[in-house]
Amino acid sequence: MAELQFREAIREAIDEEMDRDERVFIMGEEVAEYNGAYKVTEGMLDKYGFRRVIDTPISELGFAGIGVGAAMNGLRPIVEFMTFNFAVLAADQIINHASKARYMLGGQLDIPIVFRGPNASAGQLGATHSVAYDSMYAQFPGMSVIYPSEPDDAKGLLKSAIRNNDTVLFMESEQMYGMKGEVSEEEDYIIPIGKAKVKREGDDVTIVASGKMYHIAKQAADQLEKDGVEAEIIDPRTIKPLDIETIIESVKKTNRCVIVDEAHPFGGLAAEAGFLIQRDAFDYLDAPVRRVTLPDVSAPFSKSLFDLWLPDAKQVIQAVNSVTYRG
Amino acid sequence: MAEKIEMPKLSDTMEEGVIAKWNVKEGDKVESGDVIAEVETDKATMEVEVFDAGTILKILVDEGDAVPLGGAMAIVGEEGEDITGLLEENGEKESGKEEQKKEKEAKKEKSESKGSSGDFDPILGDVNGKDSSSKTGGTSGTAPSTQSDENGRIKASPLARKMAEDKGIDLSSVSGSGPEGRIIKKDIEEYKESAGTVAAEAPSYASEESEEVKISQMRKAIARRLSESKFSSPHFYETIDIDMEAAMKARASLNEVSEVKISFNDIIVKACAHALRRHPDVNSSWMDDVIRRHGDVNVAVAVAIDEGLMTPVINHCDKKNLRQISSETRELAELARNRKLQPEQMEGSTFTISNLGMFGIEEFTAIINPPNACILAVGAIRDVPVVKNGEVVPGKRMKVTLSSDHRIVDGAKAAQFLNTVRQMLENPLSMLL
């Protein structure tokens, strides 16, 4: 195992795939000359040249469309957005073209494209820069949504995403880029899309959390352990398709569940997983499923309000206490 | 014409009476003035006479049941008379009451369940404990209990329901520890333990059944009056040790000549009566707007009977001699023990003495018997070493504790009274003056 930063793990995945398959290329704002806004693509230009590491103008809809066209024509583009908050400008290409083309053309085409970049909030960036889009894109059929929480998952899943013949949205958190973690050195390390991981075992409660929220859940679980509560943490890693079986299995063991979701409460991952749990594990529930989400309010700029807005470990502990009937 | 026999008012404070015994049964012929029943009031068991001659057509109340003042106990009339009208009247009233009660309870339940229904905050979502289940989630302090809603549905988590079904446990016999009494996994697991495993493993201590005893009218009255006294009058206590040597000698000499046996208690009653005459503040009552200094000295003596406590009163104590006090006390105590004391024999006391000396109690404090200002708690006479002229010699001592209502009697006044009592008992001859 090698200890890598999140950004290094992603870079390794891209590098390995570009090395392996010359149809793979990367494009986006500042990915080439500047070595990437978050230095994910550092050194890529030198290694692969201008034809495969392409700087684009600030025109999300435009370069997303180029990506979709390239994919339709047999290439395997990786399109980097400086943040998924800007990718709403390209939502038409992502939702209406990339994810639907195979369906609308009767399966004649593959659209092997990966849209990737930072998701959700990074700190005091205001309401328009702080939205978590994983749940929103998961609403639409025809694409996978991945939101890994650790470098190892990021590498294995991104390699899967690049090899996938359909649209994949690969979301990263700006706050995670510097985060270090052990990454498998296995040659051609692949993690299949749609497979959740039990990241911590426990008997008392299941906490479901992915992406940045996994780290919040981990903090909460550490604290809960001191109070004698063993929390099991399931990281779905892939928001869509969601590995509900692994979650259900855990809930059958613990009988209680808290879902931590970086999105707003309405219709997100928490709502979906919560519904599926009650459908498939009703007779195993000892308490109603609870969720910890953002409030139904856009991100505030003020630091103190922002801290209040973002789910934190305290809220997770509170929710766990309520489902375990501990006051 | 048939008439209802109603519960009469047998004492001033009576609100209901319990039928202690029926002397008649349905079909019996009665004459005006016949005692048809014995009724337990808050003070005594009284006899209830019938006014109208006739036949007892219907007995409406079982022995041991209470009837409110004016409530129907029985129906008397001509033999064979149709009493359905009277019965209906009675029945309707009762069932009407029942309905009202039910309605009230239903309302209560409703209001209790109000506010516990979960509300989803459109802005905060589920964050900050807004889930319906968590609102009362595990709040400590709420007693665990199983509650079913108005439709009789028992609240249980799906898991608990499934577990109970698998194990054949009746949910209604499980008490829930979750919010609003929801039965959860833990409750089912623990239920199994308590009902099965533990009972099987434990050595056989068959659990003895607890018994719930009906509260008698007398016990209710005692509870009410003593609570009122203790909670409303500020009590304070003073204890004094009395040399009983002289009193014992005096009692021995008195009993040589007296045809009635004089007890220590009689001597104490007499001593108190004298002291009360000299300390009118102690012989007083707090009347809220005035303090009443009683003209008479009427001493009540607490008598323990099986059902509780009675306080027959010896009136004009200070004017009666020991023989009179003795025989009167005996008579009243006997009536009290047989529950034949009449209310007037328990009324009008100005001071009370409670003596537990015969039980070997050294000293204790008593609760004032309202509307008295004070009560004297008398302990046992003990053999104690006393120092006399520089030498330790055997002596006889008795501790008495005066409980006083501070609204009327202050510390010094209580002390002065106690000192007079002591002087009387230590110099019994002074009682003759």
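Using N, Cα and C of the backbone, Cβ positions are placed for all residues, glycine too.
Curation plays no part in TrEMBL annotations; they are all automatic predictions.
According to TrEMBL, the protein has these features:
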COMPBIAS  B:90-113  compositional bias 'Basic and acidic residues'
COMPBIAS  B:134-148  compositional bias 'Low complexity'
DOMAIN    B:2-77  domain 'Lipoyl-binding'
DOMAIN    B:155-192  domain 'Peripheral subunit-binding (PSBD)'
REGION    B:87-154  region 'Disordered'
Query raised in the report: Which residue counts does DSSP give the domain 'Lipoyl-binding' (B:2-77) for helix, strand and coil?
Result: 0 helix, 39 strand, 37 coil
Query raised in the report: Given the model, what does the mean pLDDT over the domain 'Lipoyl-binding' (B:2-77) come out as?
Result: 86
Query - Secondary structure content of the domain 'Peripheral subunit-binding (PSBD)' (B:155-192), with strand meaning DSSP E or B - result: 24 helix, 2 strand, 12 coil
